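Taken from TrEMBL, the feature active site, proton donor covers His124. TrEMBL lists His179 with the feature active site, nucleophile. Positions annotated as substrate binding site by TrEMBL: Arg88, Arg173. The feature domain 'Phosphatidic acid phosphatase type 2/haloperoxidase' is assigned by TrEMBL to 53-199. TrEMBL lists 39-62, 157-176, 182-199, 211-230 with the feature transmembrane segment.
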Amino acid sequence: MEVLYGYGVSSTLYLQMHYGHAQSWFTFVSTMADLRTTFLYFFPIWFHLQSAVGVKLVWVAVIEWINNRIITNLNIECLMEMLMFGERPYWWVKETVYYGNLTVPQIKQFPMTCETGPGDPSGHAMGAAGVYYAMVTSLLTILQECDPLKRWCLQGLLWALFWGVQVCVSVSRVFIAAHFPHQVIAGVVSGIAVAKAFNRVSWIYSASLKSYVHTILCLVFIALGLYALLDAASIDPYWSLMKAQKWCIQPEWVHLDTTPFAGLLRNTGALFGLGLSLHLPIHGDLQKNRNCGNSAIYRLTCTAATLPLLSLLDSFRPPTSTRALFYALSFCKSATVPLTTIRFVPYCISTLANVYHRMKV
């Protein structure tokens, strides 16, 4: 593994030396590859245009993260090997004895470099691959009615765009020294595998609220079980956070919301919000507007109103002074995203539309 890590650091150094002028682009790509983009932009757009795709995106995003942080780790035979597989370039290069008496490469760090979770596989690459694969295949399903030539051209364009995004995301993660090349490759492969599996799953579209709650509890118990396993083996569950705090050149670049437990609550919060939103009673005016002839205008209006509201919600940063409060607010904040998208905004638009029609009469 040390040799593989050494080649990975060399790749990072090469990118930083020859493509340093593209730093802002790589930072932007890495930011957009975060699952936050899925919840704040892709989910509301897709849900208002085709609700089934929006539901699938949330499930894919959540399971991608769970597979990345929990299930993958549980499948590794040796716990210590698991920890070694989770190295990140920016701290590995500071601790390794691989270089011996040779000069240790000096790789740069950026505000997005100092993530605190284990690095293998890359969560950003995995999330981007899974979410974009789900969107592309959904678009191709919609475009089946097109004539063969047009469908073939659109299919080629969409897949070219998909792989272009994967390359950009993967290179950006290596450039900022957050991941090794083999970690982003593993992330892309895993992400596509999860998305392909969900293309064959239909029960998520009719799952009851009880099913959502049971799924969330199961995920939390698995995480707590892994935590207990690490503790029983006398291994600090926050080992990667300690390394991030030790080797990050700017303490303010280490964010609590990148820890595995924060990610767990953030993703399960989104899943809970989705389940709750889908099973709340539908207001009469809301149902009327959903079924009316101007449904396209209604959906576009909901989309246009939802996006700025979610951006405003995202600007709220839970206080990190108390971890318990931070985790609780992170869960609630994530749960608010589907509630705003599915219930609050449509209800407000329906109410305003109803008032407008009454005034016209």
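A Cβ is built for glycine as well, from the same backbone N, Cα and C atoms used for every other residue.
A TrEMBL annotation is a machine prediction, not a hand-curated record.
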Q) Rounded to an integer, what is the Cα-Cα distance in Å between Arg88 (substrate binding site) and the residue listed as 'active site, nucleophile'? A) 5
Q: State which of the following recorded positions has the fewest other Cβ atoms within 10 Å around its Cβ: Arg88, Arg173, His179.
A: Arg88
Q. By a Cβ-Cβ criterion of under 8 Å, what residues six or more beyond either terminus of the transmembrane segment (182-199) are in contact with it?
A. 4, 8, 56, 59-60, 63-64, 67-68, 72, 119-131, 133-134, 137, 166, 169-170, 173-174
Q. Roughly how many Å separate the Cα of His179 (active site, nucleophile) from that of Arg173 (substrate binding site), to the nearest whole number?
A. 6
Q: For the residue listed as 'active site, proton donor', just count the other CB atoms lying within 10 A of its CB, please.
A: 28
Q) How far is it from Arg173 (substrate binding site) to the residue listed as 'active site, proton donor', counting Cα to Cα, in Å? A) 8
Q: Would you identify the secondary structure of Arg88 (substrate binding site) according to DSSP, in three states?
A: coil
Q.
Please count the residues of the domain 'Phosphatidic acid phosphatase type 2/haloperoxidase' (53-199) that DSSP assigns to helix (H, G, I), strand (E, B) and coil.
A. 105 helix, 0 strand, 42 coil
